[in-house]
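Remarks on the structure that follows.
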Amino acid sequence: MSVQYSLSPQFMLLSNITQFSPIFYLTSFPGLEGIKHWIFIPFFFMYMVAISGNCFILIIIKTNPRLHTPMYYLLSLLALTDLGLCVSTLPTTMGIFWFNSHSIYFGACQIQMFCIHSFSFMESSVLLMMSFDRLVAICHPLRYSVIITGQQVVRAGLIVIFRGPVATIPIVLLLKAFPYCGSVVLSHSFCLHQEVIQLACTDITFNNLYGLMVVVFTVMLDLVLIALSYGLILHTVAGLASQEEQRRAFQTCTAPLCAVLVFFVPMMGLSLVHRFGKHAPPAIHLLMANVYLFVPPMLNPIIYSIKTKEIHRAIIKFLGLKKASK
């Protein structure tokens, strides 16, 4: 049963007139408008955990000189990326749930889309860097301090920062050239390229091919290299002499490996739904998009706080607990 949206005549007229710069209507959770304030409670909780958790990780690393090492510089970059990804969706989500503001101008939609996809590509790159860091630390421990230096991390970080936006800019700019003369309803709380491009009333083959190429040569390539890195790590760990050495080596990889799973599993699920689930209910698309954008920023600080001993000890010390002295 389709859901009807009561758009105002002014909204519809303005959307039809501004064919090349439409105003989109974000539905959020269609059919559940009556309980939207209750729906916002888990979203607000995830926002608070994600923002406070990642800020806390940054403060812990900043205030603890022992954590001023390449591994934790990469963790800081991951926390910053998670903050950016989380904050990118905040304006429209807050506007819908608290101010009943569902409309978004095309320019604002482009900016939000640019931020979401840029930070997604950046997070993929950071996870690749972290896997390479663990690969060198376990497979070549004696050369770690030579290969992985603070200067190398800064250079790699700059590449990561520019890689995401450079890959995203053409996707976003190409949307400006398309007319949008049909429906202007987006079944999300935010703008995603896969959803916006479907509203264009012209041939979008080139845009789809370019978007697929970008995903293959960024996210998918990163995933393959990450899998190879952890495959080599597991091979090296399996060859260690004692079980205690194997356990210690594997423990250093637990947190970054969990971060990889938390990020890539929802992303692959969302991609499969968009590519092959065109007839799936809108709620499925919406659920997968929210899991992909909200869960990694929320869980990453928790994972590193629990699974990384140095972070755990630094948190205890920062909070002034007695265990810090042990």
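Numbers run from 1 along the shown chain.
Quick reminder: no glycine exception, Cβ is built from N, Cα and C everywhere.
Taken from Swiss-Prot, the feature disulfide bond applies to CYS109-CYS201. Taken from Swiss-Prot, the feature N-linked glycosylation site applies to ASN16, supported by sequence analysis. Positions annotated as topological domain 'Extracellular' by Swiss-Prot: 1-40, 98-110, 187-213, 274-282. Look at Swiss-Prot and you will find 62-76, 132-165, 235-252, 304-326 tagged as topological domain 'Cytoplasmic', backed by sequence analysis. The transmembrane segment annotation in Swiss-Prot covers 41-61, 77-97, 111-131, 166-186, 214-234, 253-273, 283-303.
When each of the disulfide-bonded residues CYS109, CYS201 is scored by how many other Cβ atoms sit within 10 Å of its Cβ, CYS201 comes out lowest.
Between the transmembrane segment (111-131) and the stretches 41-61, 77-97, 214-234, 253-273, 283-303, it is 77-97 that has the most C-beta pairs under 8 angstroms. The stretch in 41-61, 77-97, 214-234, 283-303 that contributes the largest number of Cβ pairs under 8 Å to the transmembrane segment (253-273) is 283-303.
Taken together, the residues in the topological domain 'Extracellular' (187-213) have a mean pLDDT of 85 on the 0 to 100 scale. With DSSP states grouped into helix (H, G, I), strand (E, B) and coil, the topological domain 'Extracellular' (98-110) comes out at 7 helix, 3 strand, 3 coil. DSSP labels the residues of the topological domain 'Cytoplasmic' (235-252) in these numbers: 14 helix, 0 strand, 4 coil. Within its own chain, the topological domain 'Extracellular' (98-110) has Cβ neighbours under 8 Å at 11, 18, 21-28, 40, 92, 172, 175-176, 180, 191, 196, counting only residues six or more beyond its boundaries. Listed as Cβ neighbours of the topological domain 'Cytoplasmic' (62-76) (distance under 8 Å, sequence separation of 6 or more from its ends, same chain) are residues 126, 129-130, 133, 137, 148-150, 152-154, 157, 304, 310-311, 314, 317-318.
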